[in-house]
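K.L.:
Just lifted these from TrEMBL, have a look:
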- 14-114: domain 'DUF1746' (DOMAIN)
- 16-37: transmembrane segment (TRANSMEM)
- 57-79: transmembrane segment (TRANSMEM)
- 99-118: transmembrane segment (TRANSMEM)
Amino acid sequence: MKHAGQRKHIVSELSVVGYELLVLSFLLHPTVFDLVVRAFAQFAAARPTILAPDRSLRLWLLTLVAIHGHALVALAVPLSTSKGIVLDFIGNEHTPSRLLVLLVNLLVLLLQVVQICITHELATGANTLRGMALDSDLGSDAVLQLDFRATLKRVTHPPQPLELPAPATTGAGTDVNQLRRRFALTTVLRDAMARQLEAAAS
């Protein structure tokens, strides 16, 4: 896949910037629960298909919006100058403006949306019929092209995965999944017997 390494580097750099903005958001509006939940969302945005490979991009984006929606609704509570773990010791000289806190939170959400779109496309784009939305202009040398319309189309109408052949069977008509279950059971029994032999030898 063209530019895959450079795109992964971009994702890792976006992840670092996202964590830094989360800390800034926490210092402006210290809510430990929001920090932990949004830090997990940042972690998931860097590796969505590793955590849940069967989830669509639409579901990941809805999850991000729900998580950040909670943080934005929490802004309805009056901002405090000394609240939270760290700020009890350091304190703030003045209460930050709601607009600044809102802009930082929206920037975190935007970075996570971009990051999750890139990582999801990197992991699933080659396995779909339509190819990758990141390579919309094949004649270009750009490492990454974020086309809002193409991404929106992939969210509203997810591409169909490539058709795979039906599960193979052996000559006796045994299903491959049944063979895998038998192999897993044999492995468990073999490991249990090895542990018993080690216990008997010691």
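Yeah, the Cβs are placed from backbone N, Cα and C, and that goes for glycine too.
Context for these features, please: burial, neighbours, distances.
P.N.:
Taken as a whole, the domain 'DUF1746' (14-114) shows an average pLDDT of 79 in this prediction.
Sequence-distant neighbours of the transmembrane segment (99-118) (same chain, 6+ residues past either end, Cβ-Cβ under 8 Å): 7, 10-11, 14-15, 17-18, 21-22, 24-25, 28-29, 38, 41-42, 44-46, 48, 57, 60-61, 64-65, 68, 71-72, 75, 79, 134, 144, 146, 151.
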K.L.:
For a three-state summary based on DSSP, what are the helix, strand and coil counts in the domain 'DUF1746' (14-114)?
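P.N.:
Per DSSP, the residues of the domain 'DUF1746' (14-114) fall into 71 helix, 0 strand, 30 coil.
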